[in-house]
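A short write-up of the structure that comes next.
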Amino acid sequence: MVAIIVHGGAGTIKKEERIPKVIEGVKEAVIVGWKELRKGSALDAVEEAIKVLEDNPIFNAGTGSVLTIDGKVEMDAAIMRGKTLEAGAVAGIWGVKNPISVARKVMEKTDHVLLVGEGAVKFARLMGFPEYNPITEERIEQWKELKEKLMKGEIKYWKKLGELIKEYPEVLRSTVGAVAFDGEEIVAGTSTGGVFLKMFGRVGDTPIIGAGTYANEVAGASCTGLGEVAIRLALAKTATDFVRLGMDAQAASNAAISLATKYFGKDTMGIIMVDAAGNVGFAKNTKHMSYAYMKDGMEEPEAGV
């Protein structure tokens, strides 16, 4: 039983007219991933699905990543193989089109797991990734609007981030991710531009193995939402532990989000999972989380928010 699931991020989609575009985006990604999965590689499926999401400016990853407090882009990404526990990640990278592909190169071409900032950019250039500007006009306008609110005192920037997000849900934007099982191996991957108005140098859960991204021989998980929550709970690894204890992917997803809600409240997290039986799971405590999945026996993806 093979399966793949993708997400386009947890949070609140303020403009209802964006929802069909978001659903179409995750469906497109899962179809591309499914085609790769049918060729036999969960690793290729996860990378290619996430690249589709990174290239779609409606999502907060790659092209269309949100801006830091000083108006720049700093992106995070990670990918992990469940069979070997190999992993690669980049944090605070800029000037590349597909951070997930750079993360894969970290996994395959180095002895390291995580490269950050200028080091990640230099590595990307060594690997042949060309200079690319992922900033879009829409993100610039959103940044200007939020920065104006900040300057007027409407947003108290030094408040706890969770409180800020409750008042201004537009600050929290969508991470993207994918998890796949090819019949032999589970692979998980995640990519994000982070949180709007984040401090320069801030790193979320996405590139932290075990927090936002994790895979082993029993399950894989990709998290989305307020990264600091996933880091404190080691949420992706915790979710796979639930599977090891006997839950399927859906029950483990529910348990992971219940844990996040218990400690940090609602409107904080979402998760997607696949287990080694080919079951998919997804859960959230936010208003929305776009997702799409396909598995054996399905001709069209199941998708929603």
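Heads up, the Cβ atoms here are built off N, Cα and C, so glycines get one too.
Swiss-Prot has this to say about the protein:
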type: ACT_SITE; residues: T175; note: active site, nucleophile
type: BINDING; residues: R202, V203, G204, D205, T224, G225, L226, G227; note: substrate binding site
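Feature map: annotations from Swiss-Prot on the structure.
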residue : record                   : DSSP class
T175    : active site, nucleophile : coil
R202    : substrate binding site   : coil
T224    : substrate binding site   : strand
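Residue annotation for substrate gives R202, V203, G204, D205, T224, G225, L226, G227. The furthest Cα pair among them is separated by 16 Å. In this view, G225 (substrate binding site) is surrounded by 31 other Cβ atoms within 10 Å of its Cβ, with every protein chain counted.
Sparsest Cβ environment among the binding-site residues G204, G227 (other Cβ atoms counted within 10 Å): G204. Cβ neighbour count for the residue listed as 'active site, nucleophile' (all protein chains, 10 Å cutoff from its Cβ): 34.
Rounded to the nearest whole angstrom, the C-alpha distance between L226 (substrate binding site) and the residue listed as 'active site, nucleophile' is 10. When the Cα atoms are compared, G225 (substrate binding site) and T175 (active site, nucleophile) turn out to be 7 Å apart. Around the Cβ of D205 (substrate binding site), a 10 Å sphere holds 31 further Cβ atoms from the protein chains shown. When other Cβ atoms within 10 Å of the Cβ of T224 (substrate binding site) are tallied across all protein chains shown, the result is 32. Of the binding-site residues V203, L226, L226 has the largest number of other Cβ atoms within 10 Å of its own Cβ.
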